[in-house]
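Engineer: This is the structure I want to talk about, given as structure tokens.
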Amino acid sequence: MARSPCCDKMGLKKGPWTPEEDKILVAHVQKHGHGNWRALPKQAGLLRCGKSCRLRWVNYLRPDIKRGNFSREEEDAIIDLHEKLGNRWSAIAARLPGRTDNEIKNVWHTNLKKRLKKKLATPNSKGHSTAAASKCDSGTWRYT
DNA sequence: AACATGGGCAACCGCCAACAT
DNA sequence: GATGTTGGCGGTTGCCCATGT
């Protein structure tokens with residue numbers, strides 16, 4: 001299938017978004033919506049590709065996004081959903097209002113790292129590899 | 001006080017599926 | 001039905017900051 005020549009276009013900005021760009025994007029989306037991400041940056045006067053705009057909006061600028069630390073309940077929900085759904089971050093995010101797939105993915109990776117470290121530090125269950133994880137009834141994780 | 005290391009997060013890349021022509 | 005376009009998703013990378021040495 002054809003690949004979309006998105007960010008490789010010359011003259012498009014990459015890297016962190018500035019507050020000015022955020023303002024422009026928010027104002028444009030609130031006024032016109034985001035029917036066409038590809039056309040949006042041109043209409044809004046942003047030197048970004050549509051993908052970049054969409055990502056910024058979905059992961060950071062959306063008004064319904066809940067910022068800040070994850071509660072214990074949310075973490076438990078992520079763990080539970082991950083067990084059921086696997087790495088379907090968007091599906092998990094859909095069940096956690098105000099959270100984005102990117103955020104959940106980040107949390108998972110950092111938590112997984114922590115848990116792996118913990119597990120290696122306290123090898124109370126011998127012979128487990130690190131290939132897969134499963135939840136025990138106590139809420140702790142086994143990497144089998 | 002300076003440097004090294006690790007963690008957390010935002011953003012990018014590449015692929016795929018759905019839709020349009 | 002074939003081809004092109006767009007949006008969406010998951011994996012990965014790079015930067016910044018906090019902490020340790």
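Any Cβ shown, glycine's included, is placed from N, Cα and C.
Per TrEMBL, the features are:
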{"type": "COMPBIAS", "residues": "A:122-132", "note": "compositional bias 'Polar residues'"}
{"type": "DOMAIN", "residues": "A:9-61", "note": "domain 'Myb-like'"}
{"type": "DOMAIN", "residues": "A:9-61", "note": "domain 'HTH myb-type'"}
{"type": "DOMAIN", "residues": "A:62-116", "note": "domain 'HTH myb-type'"}
{"type": "DOMAIN", "residues": "A:62-112", "note": "domain 'Myb-like'"}
{"type": "REGION", "residues": "A:118-144", "note": "region 'Disordered'"}
Engineer: Using DSSP, break the domain 'HTH myb-type' (A:62-116) down into helix, strand and coil residues and give each count.
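Structural biologist: Breakdown, helix to coil: 36 helix, 0 strand, 19 coil.
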Engineer: Count the residues of the domain 'HTH myb-type' (A:9-61) that DSSP assigns to helix (H, G, I), to strand (E, B) and to coil, and report the three numbers in that order.
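Structural biologist: Its residues fall into 31 helix, 0 strand, 22 coil.
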